[in-house]
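Novice: Please find one structure pasted underneath; my questions will follow.
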Amino acid sequence: MERTFLMVKPDGVQRGLMGEVIRRFERKGFQMIGCKFLLPTVEQAKFHYAEHEEKPFFGDLVDFITSGPVLAMVWQGDQIIELSRMVIGKTKITEALPGTLRGDFALHTNRNVIHGSDSPESAEREIHNFFKEEELVSYRKLIHEWM
Ligand code: RTP
Ligand code: MG
């Protein structure tokens, strides 16, 4: 079982898309094991996007992600990192297909509703930027036996 860090970004929260995001991951069969509504600090934002530190859009990214509350979540499931990024859709807005969260809801690459980790290493780093291990709730989901 793999786990990932998903975050409804400030634009998604402002647009009332938290429920829609949770609904899509729930109906796919993934399992939420952690959830927090919070305003990220600048330190958390810089750590979260550390891989983009040298990019020209880094400052805007940090400003945006700290501009309002976000829904930070940890989800688990088989191959969830790759599969959740399919549910989310491509980064570049012109490549985000209809049926994906970004394809259905986002109009701009830098206002793209949701974040999802891109590797097991980033998932662990990103999870621990927002959650303590003891805040995650693991439980047996009985429906897995039917899937
Ligand atoms: P995220 O980390 O937010 O889930 O997005 P991602 O993996 O799909 O894309 P990533 O390459 O990690 O980029 C992080 C965020 O930076 C903004 N971005 N702007 N102007 C640009 O060329 C550009 N490229 C990326 C996007 O908002 C992206 O979500
Ligand atoms: Mg990324």
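Glycine is no exception: its Cβ is also placed from the backbone N, Cα and C atoms.
Relevant sequence annotations retrieved from TrEMBL are reproduced here:
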{"type": "ACT_SITE", "residues": "H115", "note": "active site, pros-phosphohistidine intermediate"}
{"type": "BINDING", "residues": "K9, F57, R85, T91, R102, N112", "note": "ATP binding site"}
{"type": "DOMAIN", "residues": "1-138", "note": "domain 'Nucleoside diphosphate kinase-like'"}
Novice: Does anything in the same chain, at least 6 positions from H115 (active site, pros-phosphohistidine intermediate), have a Cβ under 8 Å from its Cβ, and if so what?
Specialist: F5, L6, M7, K9, H48
Novice: So what's the mean pLDDT when you look at the domain 'Nucleoside diphosphate kinase-like' (1-138)?
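Specialist: Mean pLDDT, the domain 'Nucleoside diphosphate kinase-like' (1-138): 97.
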Novice: With helix taken as DSSP H, G or I, strand as E or B and everything else coil, how many residues of the domain 'Nucleoside diphosphate kinase-like' (1-138) land in each class?
Specialist: 65 helix, 30 strand, 43 coil
Novice: Which residue, of the binding-site residues T91, N112, has its CB surrounded by the fewest other CB atoms within 10 A?
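Specialist: It is T91 that, of the binding-site residues T91, N112, has the fewest other Cβ atoms within 10 Å.
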Novice: Could you check which of the binding-site residues K9, F57, R85, T91 have their CB within less than 6 A of ligand 1?
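Specialist: Going through K9, F57, R85, T91 in sequence order, those close to ligand 1 turn out to be F57, T91.
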Novice: Take the Cβ of R85 (ATP binding site) and count every other Cβ within 10 Å, whichever protein chain it belongs to.
Specialist: 16
Novice: Between any two of K9, F57, R85, T91, R102, N112, the residues recorded as binding ATP, what is the biggest Cα to Cα distance in Å?
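Specialist: Output for ATP binders K9, F57, R85, T91, R102, N112: max Cα distance 21 Å.
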Novice: Test of understanding: give the count of other CB atoms lying within 10 angstroms of the CB of R102 (ATP binding site).
Specialist: 24
Novice: Excluding near sequence neighbours, so keeping only residues 6 or more apart in the same chain, what lies with its CB under 8 A of F57 (ATP binding site)?
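Specialist: Spatial neighbours, sequence-distant, of F57 (ATP binding site): N110.
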